[in-house]
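J.: Sharing a structure, written as structure tokens. Questions coming.
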Amino acid sequence: MSEELAPGPKESPPAPRAGPREVWKKGGRLLSVLLAANVLLLACTLISGGAFNKVAVYDTDVFALLTTMMLLAMLWILFYLLRTVRCPCAVPYRDAHAGPIWLRGGLVLFGICTLIMDIFKTGYYSSFFECQSAIKILHPVIQAVFVIIQTYFLWVSAKDCVHVHLNLTRCGLMFTLTTNLAIWMAAVVDESVHQSHSYSSSHSNASHAHLASDQRAGNPVGGDSCLCSTAVCQIFQQGYFYLYPFNIEYSLFASTMLYVMWKNVGRFLASAPGHSHTPSPLSLFRETFFAGPVLGLLLFVVGLAVFIIYEVQVGGGGGRTRQALVIYYSFNIVCLGLTTLVSLSGSIIYRFDHRAMDHHKNPTRTLDVALLMGAALGQYAISYYSIVAVVAGTPQDLLAGLDLTHALLMIAQHTFQNIFIIESLHRGPPGAEPHSTPTKEPCQNLTFTNLDAFHTLPACPPTPRLVSPSPADQREAVAIISAPRSQWRRRCLRDISLFLLLCNVILWIMPAFGARPHFSNTVEVDFYGYSLWAAIVNICLPFGIFYRMHAVSSLLEVYVLS
């Protein structure tokens with residue numbers, strides 16, 4: 001009776017149930033990739049065709065396609081939020097590494113800037129509503145709604161590992177990702193066309209540029225009613241072009257998060273024993289030598305001053321552009337040189353670090369590494385084009401020498417910084433030791449030739465501690481001796497991470513907020529021609545800006561892991 005009344009052991013909560021494993025996961029992924037490839041190629045064809053005046057593809061056609069894609073993507077997102085995730089056991093797992101707070105916070109920040117851009121664009125096209133197509137006003141309104149819905153969707157669902165509606169979810173995620181890439185490409189092309197028209201206007205060719213613009217947009221030639229002549233209209237026009245970089249970054253951030261969600265569809269998660277690490281509360285100046293944060297803050301403040309001077313002198317025109325370029329290139333050369341040396345010193349410190357490498361499967365970390373390597377290609381391309389233009393070009397002056405040094409250091413800095421960050425992300429948390437060989441018991445090495453004597457022997461007596469210490473005591477003694485050196489290495493790595501983080505922030509702020517020495521310096525423009533050079537810069541530079549943002553987030557994670 002007492003046995004019946006005795007309380008039993010406390011039951012643990014049941015583990016989340018997931019559906020049966022897919023028979024062929026790669027088949028569902030292949031279907032979604034094929035869908036995305038075809039839609040993206042169609043969008044690329046229309047967007048690139050609309051950029052040329054001789055092709056009979058107008059802006060209205062591009063806007064109609066993008067509006068249709070955003071509407072379809074919004075329908076799927078609403079279906080996912082209202083139907084898919086409410087199914088029983090729809091999301092049995094959530095990836096802790098996916099959708100970190102810095103990525104979602106950046107998405108919200110760039111999303112707000114994109115909403116402001118859409119307001120400016122709506123106001124700009126509404127200024128001459130009589131001679132514009134309705135799709136030009138409808139497009140920014142639909143884009144604003146799309147940004148709001150997609151940002152909420154990614155904020156609440158970025159960590160989901162969905163196990164229902166698998167193929168539909170994969171196709172929906174890939175289609176939404178393709179929509180963001182199409183929006184990014186349209187923004188890049190529109191900004192390139194705007195810069196080309198501005199360059200033509202500044203060279204006394206304003207009438208021709210306006211005529212080409214009217215023909216490309218499908219407006220009647222000579223329609224003076226479509227001129228942006230009022231002050232409010234010009235503010236709207238300059239405002240939304242100024243905010244294009246934020247729209248471009250929003251599309252890249254959203255595409256990154258959607259790709260991680262696509263990889264996690266149908267994924268089964270299992271915690272790896274011995275590799276769970278809970279980071280301590282973040283404190284930016286805890287356990288550092290203060291050299292990295294102080295030097296990084298100094299460069300950050302000096303960089304802001306250089307950026308303001310550059311914008312004022314270049315925007316004011318006159319003969320101060322050359323002086324502004326010399327100041328700008330000089331600061332960047334110093335900053336890039338220091339970050340290169342610091343990244344190299346961090347990699348050298350890792351040669352003496354005995355933490356084990358983390359080889360467990362981590363799709364988020366794999367994507368981080370791929371993004372770092374892929375986004376760096378944009379800046380590599382610009383740098384190599386600049387090197388060829390300076391070396392093969394005729395002018396060999398101070399500005400050309402600074403441009404060449406800047407391009408070479410940009411390549412070196414990206415290379416050594418990527419090596420440092422990628423190695424840091426693959427290091428285990430503090431205290432993670434390499435796999436040690438199994439220890440032997442004190443009696444394991446004893447050999448006996450007489451088995452009878454072995455049976456008559458008593459149990460192995462404990463070995464005196466002073467004579468032969470146990471392996472655990474040996475490891476403890478080694479840890480005590482090496483603790484000061486390990487602590488010194490950790491502090492150095494924290495300083496390095498903070499210094500690189502602050503330098504990447506200022507190197508992101510300058511191009512993101514409008515610094516374009518690529519066009520102020522005429523070496524590349526004269527060598528390649530404005531149209532080709534503008535296309536190269538406007539395609540590759542957004543990847544360089546995204547690289548800086550992603551490097552900042554990765555360095556923050558490196559700081560926490562150190």
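Each Cβ is built from the backbone N, Cα and C atoms, and glycine gets one as well.
Okay, these came from TrEMBL:
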- 30-50: transmembrane segment (TRANSMEM)
- 62-82: transmembrane segment (TRANSMEM)
- 102-125: transmembrane segment (TRANSMEM)
- 137-156: transmembrane segment (TRANSMEM)
- 289-312: transmembrane segment (TRANSMEM)
- 324-350: transmembrane segment (TRANSMEM)
- 370-392: transmembrane segment (TRANSMEM)
- 496-515: transmembrane segment (TRANSMEM)
- 527-547: transmembrane segment (TRANSMEM)
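Context for these features, please: burial, neighbours, distances.
T.: Residues 39, 42-43, 46-47, 50, 133, 135-136, 138-139, 142-143, 145-146, 149-150, 153, 156-157, 169, 172, 175-176, 178-179, 182-183, 186 of the same chain, all 6+ positions outside the transmembrane segment (62-82), place their C-beta atoms under 8 angstroms from a C-beta of that stretch.
Remote same-chain partners of the transmembrane segment (102-125), defined as residues 6 or more beyond its termini with a Cβ less than 8 Å from a stretch Cβ, comprise 132, 136-137, 140-141, 143-144, 147-148, 151, 154-155, 158, 228, 232-233, 235-237, 239-240, 243-244, 246-247, 249-250, 253-254, 256-257, 549, 552-553, 556.
Sequence-distant contacts of the transmembrane segment (137-156) (same chain, at least 6 residues past either end, Cβ-Cβ under 8 Å): 63, 66-67, 70-71, 73-74, 77-78, 80-81, 99, 104, 107-108, 111, 114-115, 117-119, 121-122, 125-126, 129, 176, 179, 183, 250, 254, 257-258.
Through the fold, the transmembrane segment (324-350) approaches residues 292, 295, 299, 302-303, 306, 309-310, 313-314, 398-399, 402-403, 405-406, 409-410, 412-413, 416-417, 419-420, 423-424, 427, 489, 492-493, 496, 499-500, 503-504, 506-507, 515, 517, 520-521 of its own chain, all at least 6 residues removed from its boundaries and within a Cβ separation under 8 Å.
For the transmembrane segment (370-392), the list of distant contacts is 256, 400-401, 403-404, 406-408, 410-411, 414-415, 418, 421-422, 518, 523-524, 527-528, 533, 536-537, 539-544, 546-547, 550-551, 554: same-chain residues at least six beyond its ends, Cβ to Cβ under 8 Å.
With a threshold of 8 Å between CB atoms, the same-chain residues lying at least 6 positions outside the transmembrane segment (496-515) that come near it are 242, 245-246, 249, 284-285, 288, 291-293, 295-297, 299-300, 303-304, 307, 310-311, 328, 332, 335, 338-339, 342-343, 345-346, 349, 417, 420, 424, 541, 544-545, 548-549, 551-552, 555-556, 558-559, 562.
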J.: Restricting to the same chain and to residues at least six past its boundaries, which positions have a Cβ under 8 Å from a Cβ of the transmembrane segment (30-50)?
T.: 57-59, 61-62, 65-66, 69, 167, 170-171, 173-175, 177-178, 181-182, 185-186, 189, 216, 262
